[in-house]
Structure formats: C-alpha cells, structure tokens
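These features come from TrEMBL:
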TRANSMEM  21-45  transmembrane segment
TRANSMEM  57-77  transmembrane segment
TRANSMEM  89-108  transmembrane segment
TRANSMEM  144-164  transmembrane segment
TRANSMEM  170-190  transmembrane segment
C-alpha cells in the first residue's frame, strides 16, 4: 500500500509563494483591475449619459452590458493562468471545494482587493466631476433580504464558473468565459435596482474604500461568500458524477453526463 504523505500548512504555504503562484496573483490583479474599472466606470458613464438620472432603464442596462463584456474578457485573459476567478466569492468556492489551498486563496483575495481599490482610485483621479459610486440597497429591501439576494446571485455565478471549468464538457477555451459573463450581466439586470447586483466582494470593497463609506458592506460579503461556497459544494457533491461511476458508465455504454 502506498504511504500517504500528509500535507501540512507549511507545505501549502510554500506552494502559495512559488513563482507559479506569483504569476497567478499578478494575473488575478490584472483581470480584477480591468473588471472593476469597467463595472464601476460603467455606472459613472451611465450617469453622465443620462444627466444623473439613476432611476431610468439605462442606469441598469449599461452597467449590465459592461459587466457581461468585462467579466467575459477578464476571465478569458487569466483563464489558463490563475483560473480567472476575478471575484473573492469564486475563490472562496474553489477553496471550499478543495481546488486551491487556503493560503493560496488568501493571496488571491489580497490581489483582488488591491486591484479593486486601484481601479476605483484611477476612476476617482481621472473622472473628477463625479464621485466613485458605491453599491446601495433599495429602500424597500432589508439588509437581510439584500444579503440573501446577493447570495443567490453569487450561487448562480459560481455554479456557472464550476460548470465552465468542467473539462468533461469539452468546451472550447473561449466559450466558458462568455457564459460566465452572460450570467453576470443577467444578474445585474435582475437585481441592480434592488441590491446593486454586485456578486463580487472585491468590487464592493474597492468602491466603498475610495468613496469612504462601508455602510452595508456585510451584505456584499456574507451573501456572496455563502452563495459561492454553497454552489461549490452542490456542484462537486450533488451534481458531478463521481469518476468511478463515470468510468463504469462509459465501459458499459451507458449515457452518463453532468
């Protein structure tokens, strides 16, 4: 019987500071920076185009389109390097599923947070006529309701990420990021007027940091992180066919799939 070598926290930490891991963190920084710049910048652009009207349809439509395009591109450019997380909720889901180590996830979070703050800082410095917007909860919603809504949105997003990462689907490289962007845009359209449709703690943190207000920040952390973790557990433990069963199905000619 092969002797199993225990994996210690020290060995995981050493793996998290290797050169390959550092390339992943740089990739996450670049992708998250671009996404936040487009996501938050699109809100500022819509206010400019609509003369400050935040109640019209374009105040949601333009950010939704920007989120879809920007997330698809951001995930694509880092897909083969860091996995294209671009979102602490995705990273948390990957850690809960055991696909990355906890130290690596912490470094991913650090890269994503710094990138978000830097992107919002660029917007603050360059677009001097507007404040950097923050995610807000509609007056008819409670903090709990908004957190639940953000959690459900994050569940759908992270579940899509896990599906797109499944090699058994045999999808071309560009297809996965496109569908991830589509679901992000749809989520913004559905929840933008109510909870903001953030789904991304880094995006909410960066804008709040530059704006100078952390009101309701827990909504954009608790909901998405729990939603992302739940999506990871559901996909890996309830939806995916175990390898042994998949092999048996293939050998007997049964049509098995995810």
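Cβ coordinates are placed from backbone N, Cα and C, and glycine is handled just like the others.
The structure displayed is predicted, hence computed values, not measured ones.
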Short question: most Cβ pairs under 8 Å with the transmembrane segment (170-190), which of 21-45, 57-77, 89-108, 144-164?
57-77
May I ask for the residues of the chain that lie six or more residues beyond the transmembrane segment (89-108) and have a Cβ under 8 Å from a Cβ within it?
9, 12-13, 15-17, 21, 24-25, 28, 82-83, 154, 157-158, 161-162, 199-201, 224-225, 227-229, 231-233, 235-236
